[in-house]
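*Asks:* As annotated in TrEMBL:
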DOMAIN    167-445  domain 'SAM-dependent MTase RsmB/NOP-type'
BINDING   ASP281, ASP308, ASP327  S-adenosyl-L-methionine binding site
ACT_SITE  CYS380  active site, nucleophile
Amino acid sequence: MCMTWRSPAKRRTIGRRAEAPMTPAARLAASIEIIAEILQRAAAADRVVTEWQRRSRFAGAKDRRAVAEMVYAVLREQGMRRWRVAATGAELTPRLLVLADAATPLHVWRDLCGNGTYAPPALDETEIAALSKLPSDEDAPLWARANLPPEVAEMVQATFGADTEMELAALNGRAPLDLRVNTLQGNREMVLEQLRADGIAAAFTPMSPLGIRLPERVRLDMNSLYRDGLIEPQDEAAQLAGLLVDAKPDETVVDLCAGAGGKTLLLAAAMRNQGVLHACDNDPRRLARLSPRLERAHARNIVIRDADAMPDLLRELEGNADRVLLDVPCSGSGTWRRNPEARWRYDPASLDEVLRRQRGLLSDGAKLVRPGGRLVYATCSILPAENGEQADWFLAHHAEFTALPLAEAWPAGVTDQRIRSGNRLVLTPYRHGTDGFFAAAFQRGQA
């Protein structure tokens, strides 16, 4: 289902200065403007919202929060809103996406639109006709209720089976803010105590011994624990994927798809800054974000390797790495609760190319592992084709490796019985309260 983007008639909210709080009509106009920009630029919602907040100095804290909440409410219900509009036969526009709210009577939108200097333009006849005949939500198909494109909903249903409705509801919910404690600088107990002293509600994560969970989001950049490098935002699932590597001091470890370095920092702390940790990625923009994070975390055993250095790395370390982490590029479907707009940009037709790339990275990573060493394959995906099926492919094509049971792979401190059976870590929002994630550890046989 496609959407037509129309330029706002007038960007009346930007740069405006007001001594009074924004009116409901002005908040609505800002929300429509932001939704249109997200769709036009195919940009991350949090980035567009943040940009609007920075340039809209007239908006107070309550106004900014209210506008952000309205934007995310639309994105988390995008499937239902798309379906409602489609059922009326109207063309889907950013305005109708925002206005197709079953809980808001038409007369409310009539009163807000066209009413005041900073209000959205008045409803036109087409919009009035569409909003007058929105269908009953009881008739909505699974894809609309799940807030997923129809083809993607079918893929997910095949994944979860009887748990589909619960998993999709969790995937469409709000994610908490998980923090990872930097053990180079402190421990969970002292960090939790400081957070609570700062008036921030927090608790230990149930599975990761490094994690602290905040039920509500806070400005980390304003917190001394973050500025001093004691904490980093990282979902508990991602922490567990890094812990599965079980990196140790004085080892040679490779993070082959390091990105901005979240798991790299975890590995450096596990190594106690001893040994060598190679952080590699093909995206120079993501790698550029790693250097300041290393400095803040006091991580000093990391060698950053960009795409140009990859051939040399493969030659230098072939058969010599103690541990290799492959957190491969994937659909990102496991993180859709954090990025509700991303699910509408996912193209299932791209999956074959993604799988081919993942297998290439698996083969490259396997070459680096020494006899007796470990390779960990991880994705932030809920799709079996990227997860268990890739693990099966790897074992079928690399007989020198065997699957490592989770109970043997975890370092001390990972004791939750839900993640100690079998040899594959499969995490979901509904069952575990984390992002959707997959990880498997493989050990290379002795020569």
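Using the three backbone atoms N, Cα and C, a Cβ is placed for every residue, glycine included.
Caution: TrEMBL annotation is automatic and unverified by curators.
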*Asks:* Over the domain 'SAM-dependent MTase RsmB/NOP-type' (167-445), what does the predicted model average in pLDDT?
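*Replies:* Averaging the confidence scores along the domain 'SAM-dependent MTase RsmB/NOP-type' (167-445) gives 96.
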*Asks:* C-alpha of ASP308 (S-adenosyl-L-methionine binding site) to C-alpha of CYS380 (active site, nucleophile): distance in Å?
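*Replies:* One finds 26 Å between the Cα atoms of these residues.
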*Asks:* Using a Cβ cut-off under 8 Å and a sequence separation of 6 or more, which residues in the same chain sit near the residue listed as 'active site, nucleophile'?
*Replies:* ALA237, ALA238, ASP327, CYS330, GLY332, SER333, GLY334, THR335, ASP435, GLY436, PHE437
*Asks:* If you count Cβ atoms within 10 Å of each one, which of the binding-site residues ASP281, ASP308 comes out on top?
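*Replies:* Of the binding-site residues ASP281, ASP308, the most buried by Cβ count within 10 Å is ASP281.
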*Asks:* Does DSSP put ASP308 (S-adenosyl-L-methionine binding site) in a helix, in a strand, or in coil?
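*Replies:* DSSP assigns ASP308 (S-adenosyl-L-methionine binding site) to helix.
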*Asks:* Neighbour count, 10 Å Cβ-Cβ cut-off, for ASP327 (S-adenosyl-L-methionine binding site): what number do you get?
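*Replies:* Excluding its own Cβ, the number within 10 Å is 25.
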*Asks:* Three states by DSSP: which one describes ASP327 (S-adenosyl-L-methionine binding site)?
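*Replies:* Once the DSSP labels are grouped into three classes, ASP327 (S-adenosyl-L-methionine binding site) ends up as strand.
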